[in-house]
Amino acid sequence: MGARASVLSGGKLDSWEKIRLRPGGRKKYKLKHIVWASRELGRFALNRDLLETAEGCVQIMKQLQPALTGTEELRSLFNTVATLYCVHQKIEVKDTKEAPEEVEKIQKNSQQEIQQAAKNEGNSNPVSQNYPIVQNAQGQMIHQAISPWTLNAWVKVVEEKAFSPEVIPMFSALSEGATPQDLNTMLNTVGGHQAAMQMLKDTINDEAAEWDRIHPQQAGPIPPGQIREPSGSDIAGTTSTLQEQIRWMTSNPPIPVGEIYKRWIILGLNKIVRMYSPVSILDIRQGPKEPFRDYVDRFFKTLRAEQATQEVKGWMTDTLLVQNANPDCKTILRALGPGATLEEMMTACQGVGGPSHKARVLAEAMSQASGAAAAAIMMQKSNFKGPRRIIKCFNCGKEGHLARNCRAPRKKGCWKCGKEGHQMKECTERQANFLGKIWPSNKGRPGNFLQNRTEPTAPPAESFGFGEEIAPSPKQEPKEKELYPLTSLKSLFGSDP
């Protein structure tokens, strides 16, 4: 900690510890904040020793300036370095908020001085600030190397996303205004995916050969004061120097070798993305339970990888987005009409596939099923052509109503036989057994018992005869025939014992 905190000593350290972290706050800067800043610089591949001087702080702020829209930690690092710069320059600031404001004022004043110096030298053109090629105070076009932050961001995108469709716009944004040398630096930082990089090199070589075919080199010596025309390998940065690239890009008329080379790289990246994303836009279909928003995200992600013109992509969006939706969303989208915007589609299909939509669909299905079942029951009742049941009152004996609704005086006793002492459910009058015979019978025992059989009063005599058969009585046989009709047990089970 002591080695990293040695950037300040004596009066500078006292001034550092008087600056507040927030406007009106109690906490102030300490040595630990310098230690934290040095650690963060290591993450961005910047030299920690730059914190020891004001010029080093300026160089750090130039590298961090394009990334101020990043994370909170990155903004805190920039503000800490700006505060440290004010301490080195002995600029009095009360808190962290005043330090970036002072740095911004100094930058504006320096730019005005550079422009004024250029005008005094007879150059009426404004100073070019097109990064990475800028014009210095002497009017010379100089190149600023690509920042480590840009390279780090590009490497992270390739590592995390591989070669998904969003890599192409990220590369285009990070390489804005870059020279062929800067573009080659970005490509060389990619460690893995060498098969993809070889495909990219093949595409670049093909485009360079096509450029040489369309733009043949001028024969003979080049007139003095003119620059040679770039070849395909010059545009790719293999046979041209950085100064030649700057002259081509800043000449009048300019030859944008950086933009041409960038188009070649993007063309190769499109081929790689198509290889890494083999799914066709025709195969993107919404699942039965997939939310419409997730389906749209997958659709447009695959659409970005398609090699087609903007008109064709517009037709795909208008046609396939609705055609490949699930039946629920397709019904809603077709009801909106062909001129519906994506926002209207997203709003109309919001909630389709979610719990509330599932519950609503289930309730509708159950109501339809119950309605169909009720209709079937009514049809069965209406089509039933059996004998109509006659309702008869047990109290008065009339038809058309039940006994509980009868207005006549309540009859005493059994409603079936008229006798008192028991109820109708206990009445045995004219009760038939399972053979259909009225029970109790006036002829004695019920029909399902043996008739005219004397009950033994003592155990039967022991019989020691084997194989003896008892001959049936010839006199009893006709009586049994009379007692047992066709519905008797004898007719069902054969001879009774």
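Every residue gets a Cβ built from N, Cα and C, even glycine.
Feature annotations, courtesy of Swiss-Prot:
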- 7-31: region 'Interaction with Gp41' (REGION)
- 8-43: region 'Interaction with host CALM1' (REGION)
- 12-19: region 'Interaction with host AP3D1' (REGION)
- 16-22: motif 'Nuclear export signal' (MOTIF)
- 26-32: motif 'Nuclear localization signal' (MOTIF)
- 72-76: region 'Interaction with membrane phosphatidylinositol 4,5-bisphosphate' (REGION)
- 107-126: region 'Disordered' (REGION)
- 108-126: compositional bias 'Polar residues' (COMPBIAS)
- 188-226: region 'Interaction with host PPIA/CYPA and NUP153' (REGION)
- 216-224: region 'PPIA/CYPA-binding loop' (REGION)
- 276-362: region 'Dimerization/Multimerization of capsid protein p24' (REGION)
- 440-497: region 'Disordered' (REGION)
- 483-492: motif 'LYPX(n)L motif' (MOTIF)
Grab the same-chain neighbours of the motif 'Nuclear localization signal' (26-32) for me: Cβ-Cβ under 8 Å, and only residues 6 or more beyond its ends, written as numbers and ranges. 1, 5, 8, 13, 16-20, 83
Which whole number is the mean pLDDT over the region 'Dimerization/Multimerization of capsid protein p24' (276-362)? 81
Kindly report the helix/strand/coil residue split of the region 'PPIA/CYPA-binding loop' (216-224) according to DSSP, in that order. 0 helix, 0 strand, 9 coil
